[in-house]
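Following: one structure in structure tokens, then a few remarks.
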Amino acid sequence: MQGAFREHRFALESLGCDVTEVRKPSDLEGVQGLVLPGGESTAMAKLLQSDGLGDRIKQLAAKDLPLFGTCAGMILLAKDIDGSDQYRLGLMDVTVRRNAFGRQIASFETDLSVPALGSHPVRAVFIRAPYVAKVAPNVGILAEHEGKIVFIRQGNMLASAFHPELTPDKRVHEYFLKMVSEYR
Ligand code: GLN
């Protein structure tokens with residue numbers, strides 16, 4: 001819809017996926033996994049509400065369609081957004097905090113340890129990123145940065161505060177594609 005969707009397209013295509021862009025409910029026909037990109041969550045929220053796209057995504061998520069939210073996408077997946085009543089899909093049992101890393105370090109890169117992806121760290125790009133302030137016990141924590149949760153999985157849903165589509169390392173997308181092939 002908005003934000004860093006092209007970079008996700010390139011990352012997924014390089015792994016052999018057929019990629020289609022979703023902007024209206026009918027675009028979801030036949031989709032086997034959905035990426036909610038980074039961008040501006042309030043702008044995306046408007047688009048999700050305008051023609052029932054958000055409701056359709058929620059219906060498919062209830063049938064276990066794999067979803068992957070990055071940054072603003074993570075915010076949209078969360079049940080709670082700290083101090084905000086902006087629209088969200090509200091599918092993951094977590095509380096997120098927007099623009100949470102403070103002004104001086106609004107954008108930064110770091111090496112993240114992600115044991116689920118192997119011993120080699122993941123280079124993570126954070127851009128005015130949220131972090132996860134609270135998780136329910138059914139949410140798996142895949143990575144933290146300085147004690148803040150930045151990568152999570154709950155069943156068919158995956159969410160990262162950082163942007164794996166902006167680095168050449170494809171392990172995060174591969175992980176999501178494994179979730180997609182399990183769903184298929
Ligand atoms: N700060 C943005 C928001 O709150 C997210 C930034 C991003 O997706 N890179 O929606």
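From the backbone N, Cα and C atoms, a Cβ is placed for every residue, glycine too.
Automatic prediction, not curation, is the source of TrEMBL annotations.
Marked as active site, nucleophile by TrEMBL: Cys71. Taken residue by residue with DSSP, Cys71 (active site, nucleophile) is part of neither helix nor strand, so it is coil.
Residues or ranges marked as active site, charge relay system by TrEMBL: His163 (among others). Following the DSSP three-state reduction, the secondary structure of His163 (active site, charge relay system) is coil. Just so you know, the Cβ of His163 (active site, charge relay system) picks up 22 other Cβ atoms within 10 Å once every protein chain is counted.
Sequence-distant contacts of Glu165 (active site, charge relay system), defined as residues of its own chain at least six apart whose C-beta falls under 8 angstroms from its C-beta, comprise Ala4, Glu7, His8, Phe10, Ala11, Pro37, Thr70, His173. The active site, charge relay system feature in TrEMBL is assigned to Glu165 (among others).
Annotation comment: TrEMBL describes Gly39, Glu40, Ser41, Arg98, Ile127, Arg128 as L-glutamine binding site. In this structure, Ser41 (L-glutamine binding site) is part of a helix by DSSP.
When the Cα positions of Gly39, Glu40, Ser41, Arg98, Ile127, Arg128 are compared pair by pair, the longest gap among these L-glutamine-binding residues is 13 Å. Cβ-based neighbour count (10 Å, all protein chains) for Ser41 (L-glutamine binding site) stands at 27. Taking the mean position of the Cβ atoms of Gly39, Glu40, Ser41, Arg98, Ile127, Arg128 as the L-glutamine site, the remaining same-chain residues with a Cβ inside 8 Å of that point are Gly3, Gly38, Cys71, Ala72, Ile75, Asn99, Ala129, Pro130. A straight line from the CA of Arg128 (L-glutamine binding site) to the CA of Cys71 (active site, nucleophile) spans 8 Å.
By a simple count of nearby Cβ atoms, those within 10 Å, the most crowded of the binding-site residues Arg98, Arg128 is Arg98.
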